[in-house]
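*Asks:* Pasting a structure below so you can have a look.
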Amino acid sequence: MKETIQGTGSWGPEPPGPGIPPAYSSPRRERLRWPPPPKPRLKSGGGFGPDPGSGTTVPARRLPVPRPSFDASASEEEEEEEEEEDEDEEEEVAAWRLPPRWSQLGTSQRPRPSRPTHRKTCSQRRRRAMRAFRMLLYSKSTSLTFHWKLWGRHRGRRRGLAHPKNHLSPQQGGATPQVPSPCCRFDSPRGPPPPRLGLLGALMAEDGVRGSPPVPSGPPMEEDGLRWTPKSPLDPDSGLLSCTLPNGFGGQSGPEGERSLAPPDASILISNVCSIGDHVAQELFQGSDLGMAEEAERPGEKAGQHSPLREEHVTCVQSILDEFLQTYGSLIPLSTDEVVEKLEDIFQQEFSTPSRKGLVLQLIQSYQRMPGNAMVRGFRVAYKRHVLTMDDLGTLYGQNWLNDQVMNMYGDLVMDTVPEKVHFFNSFFYDKLRTKGYDGVKRWTKNVDIFNKELLLIPIHLEVHWSLISVDVRRRTITYFDSQRTLNRRCPKHIAKYLQAEAVKKDRLDFHQGWKGYFKMNVARQNNDSDCGAFVLQYCKHLALSQPFSFTQQDMPKLRRQIYKELCHCKLTV
């Protein structure tokens, strides 16, 4: 039988006072084979617990009263584990700086200890972070922010922010302060990036549905000392959808802060759509009959005014926009009439009514505002030696100024449409001719005889304005086209001198004399300072195809979209 030794430290346990129940150490299981008794070792900082056979009672254990530490039936491994626990406990006592006879002090007499050491708090942070990370990797959550809640707390503590959940302190009795955590708000920017929503999801985001907190499900939860009991989805008072959406997310609240019921045909999923409110679903889908109570709540709406679009129409619109985005790299050349025409061809129905056309326009605008749908980065159009990027094609949007890349590639498309008739000069030709004379551009036409063509097109770019020189070779006329109707007499003179020098070099003396210059005044005039490049491209196209100038300033938005498509297809629409 092993002899037990009990220390006589001043901080050891004393017999419990009146009203405190005795606490006994849990007995350990007996081993069949007794190991040889090791030499007893005294622990630093105190003695051993009482002998189980002595009949003494052990007071109730409170932090940091040491536990009974020796048992004859314990093995060496258990003793080592016990020593490690006691060492951790001693570190905890040292960290808290507890005075002697701490357990016998009253609650009101206990002084407030200092904050624990940094090592223990770091270990707690690491454990919390690893737990959240494992939950993020290996579990499927039914909430949008459940995993990131723990992770957000960990990040906030690492950054030194105030955390409402304090450590267990003897002064507070281990109670958790009931203060909402600032690091776990649903609108916190430290949360996960929102999923890429589909077309209906973008509509929900516009109506404020996406910003509402997710609906938790499951048993009652307690967080920060507050008890919260969720309502059942089947409860009519809860206002939640009675079915789980395909992506596993719960329904969300409407813009008024109340849970809204969606009609049966509105709970569809296109691209991670979380939920659909009743007001949006009524605008998008037909056949959703509102009850008398809902109609009474909405006296401003006309009776029987339902949505003219169904879910298959919305799905078709999204597929059309996806295909358009992949073909043209952006939705710049897209018009609502084009989408309406495709819908009419597919469904054999009329979509040109104001109500349906307005909803199609709303779908297009919502699709454009979705992340990643503005343009396709890396989209390029290559034709011969020309390469157009999205930055070049973006000059055709709105009232942007066209650059030289767009001008030169479109001119080559015009020239290749009627190659035997037209020759198009580069946009840098006139600038080089004006600064360096004929010697600077004499090699530009070494492989072509311009006097065998019928029409020469020379774009002129002076400062920030585009204009055009058109040369009728047979009639020996030089015509200046300017959408702002400015009279630039130097341009025709420079071109006339170039033609005379080229005639001498190519030995075409019949074209050396007889050139006349004109200014074309009865042409379409621009009303702004940004559409001069688009006017020049239309001048080139109509002159090459021998078409009259039937366009005006009001046609420029449509013509810009047409030029964009022609550049992407590398072919003019004749």
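Keep in mind that glycine also has a Cβ here, set from the backbone N, Cα and C atoms.
Remember, predicted model here, so these are calculated numbers, not experimental data.
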*Asks:* Among Ser54, Ser114, which is the one flagged in Swiss-Prot as phosphoserine?
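*Replies:* Of Ser54, Ser114, Swiss-Prot lists Ser54 as: phosphoserine.
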*Asks:* Please identify the range among 140-160, 161-181, 203-223 that Swiss-Prot labels region 'Disordered'.
*Replies:* 161-181
*Asks:* Got a sec? Which of these active-site residues, His465, Asp482, has the most Cβ atoms within 10 Å?
*Replies:* Asp482
*Asks:* Expressed to the nearest Å, what is the distance separating Cys532 (active site, nucleophile) and His465 (active site) at their Cα atoms?
*Replies:* 7
*Asks:* When secondary structure is assigned with DSSP, how many helix, strand and coil residues does the motif 'Nuclear localization signal' (125-128) contain?
*Replies:* 4 helix, 0 strand, 0 coil
*Asks:* Please report the DSSP secondary structure of Cys532 (active site, nucleophile), reduced to three states.
*Replies:* helix
